[in-house]
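Here is what TrEMBL records for this protein:
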TRANSMEM  B:21-40  transmembrane segment
TRANSMEM  B:78-104  transmembrane segment
DOMAIN    B:79-293  domain 'ABC transmembrane type-1'
TRANSMEM  B:116-136  transmembrane segment
TRANSMEM  B:166-192  transmembrane segment
TRANSMEM  B:277-297  transmembrane segment
Amino acid sequence: MTTTATVAPPTSTDDPSPQRRTRRRTPSALGTYLGLGVLFVVLLFPVYFGLVGSFMGSADLTSFPPKLFPVSGLHPENYANALEVIPLGRQYLNSFVVAALVVAGQLVTSVCAAYALVFLPLRARTFWFFLLLSTMMIPWEAIIIPNYLAMAELGLVNTIAALALPYLAAGFGVFLMRQAFLTFPMELRDAARVDGVSTFGFLWRILAPLTRPSIAALGVWAFLSAWNMYFWPLLITQAPENQTIQIGITQLQSVDANDPGMVLAGVALALLPTLLLVLFGQRFIVRGLTAGAGR
Amino acid sequence: MGTVASTPVRRVRHRSSSAVALLYLLPALLVFAAFFFLPLGRSIYLSFQRSDLFGRPNGFVGLRNYELLVTSGEFGRILLTTFAFVLLTVVPSMLIGLVLALLLSERIRFVRFFRTAFALPFAYSVATAAVLFGVMMNPATGAFNGLLSLVGLGPVGWLTQPPWALLSVALTSVWMQVGYNLLVLSAGLGAVPDDVLEAARLDGATGWRLQTRIVMPLISPQLFFLAVTGTIQALQSFGQIHILTRGGPDRSTTTLVYSIYDVAFANNNSNFGAGSAQAIVLLLVVLVITGFQFGVLERKVHYS
């Protein structure tokens, strides 16, 4: 492995010969590692503190200056305490149910809509496309008041339905699936038609299986957004047993401000699913965001 | 069924009916109609209505809600706070993300490890990040003031002193955003063809020059994308403000979106008319930025 670096802090070299330059790169590679090291410590300190702190006792965490590692032993009971103080288990389940509904809903609505936009005969195709995409430009916060009022009028406040319903479709999902379908080889579609495959059969048995990576990417993004949402669940649920884990962990602090270990344990619990996704599903996340970032 | 279409083309001729396609569009259209388009109309309607004590629309008042907004004096401050917050969030998160992406595009060891590690903040929701930072920013026992005291500084009232509070909320937001920015920019850098870099290097471009003259223009679509989406996202920030400062101290962290919440929902205010007027302002701001984005993209397409 060479230590050649392509980026260097502005070096005042006036030597144009590339061969000689290669040899001189060791210091700049050192600089790269140094820069990465500093940023690593700074940016990952909160991650470290949050996770290690969730196993630390109050004595360590509230001493001043606070200990940065568990001096007085590990305190896994922080987790038990967090689960006891507020119905975090129930809220965890609520979050999972809402996220599952949102993922399923977005997969169905996005795949179907994109299928119509790309493969089916459709008049005013561009109009429908932009109509669906226009929802990406409407900030949710600008329509949150009427959405809240509608849920109140329908008597859906404090229900799982109210949490999931507005998110069963998303402009982003339609866009992502459309991009995936556009690259689908037309020969396969034509072959399927020759073989007499029905409209739905083509979608279900050929298109969907072959675009599975994109569908998985949409699923991951839908899950992340549903699991992480805050404003809407804050408004639409009031009783603790109807709330999601995201709202629940903010209550931990007000319940016992003197027990940061318990608060951090709650944070770690809420974080677990998305942390696993980022660690092991990163390629799906990247696939989703490159569709948005384009090119 | 078995009949062969005369010419297999992607978009079958229009004489065939759109009925089937509309059926497939229907689920998405229903959701959007119920939770986007209808509420949008109602937001506009509410913004022209007075609200009674219980938040029910109570008579057409024309532009009165907007007028009150503009003349209150408070609104200018809210917009200024919002603007400052956007700037303090978008610029640092893009700079750090860019530096990280460039450093990680080097031929170094452990790239995969570093990339995964730096992407970790992306896993944090607004609530998990804000609660975590809230613990660390605790004035008496928090880790931040603890670390500062080790070098003889502080204590800082991270969330309790007006100039610091906005910075602290922005700091939390930057931290959450950096991982995402890194992923986007890394994807952009990964798509820069190696032979372009090689050719540039053979021409004597290295280090800083190579980055600014060759690499940066090549990833300008990603930078532009992040600037626009980052701005829109910062404009919509709510959770970190609600959890960390509740818009305070002295309303110094009350941004536009927090103000909508404050007027319409906090303390049973239920002033949905005034809240809707602010919501429409938010909508217009976002639409202008999106319009700007499409305008620029349009030009870029012609350009290349």
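The count begins at 1 with the first shown residue.
Each residue, glycine too, has its Cβ placed from N, Cα and C.
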With the cut-off at Cβ under 8 Å and a gap of six or more residues from its ends, the chain residues touching the transmembrane segment (B:277-297) are 40, 43-44, 47, 65-66, 68-69, 75, 224, 228, 231-232, 235-236, 256-257, 259-260, 263
Any residues 6+ beyond the ends of the transmembrane segment (B:166-192) with a Cβ under 8 Å from its own?
-> 81, 84-85, 88-89, 92-94, 96-98, 100-102, 104-105, 115, 118-124, 126, 129-130, 133, 137, 158-159, 215, 218-219, 221-223, 225-226, 230, 233-234, 237, 240-241, 244-245, 252-253
Same-chain Cβ contacts of the transmembrane segment (B:116-136) under 8 Å, 6 or more residues past its ends?
-> 100, 104, 142-144, 159, 168, 171-172, 175-176, 178-180, 182-183, 237-240, 243-244
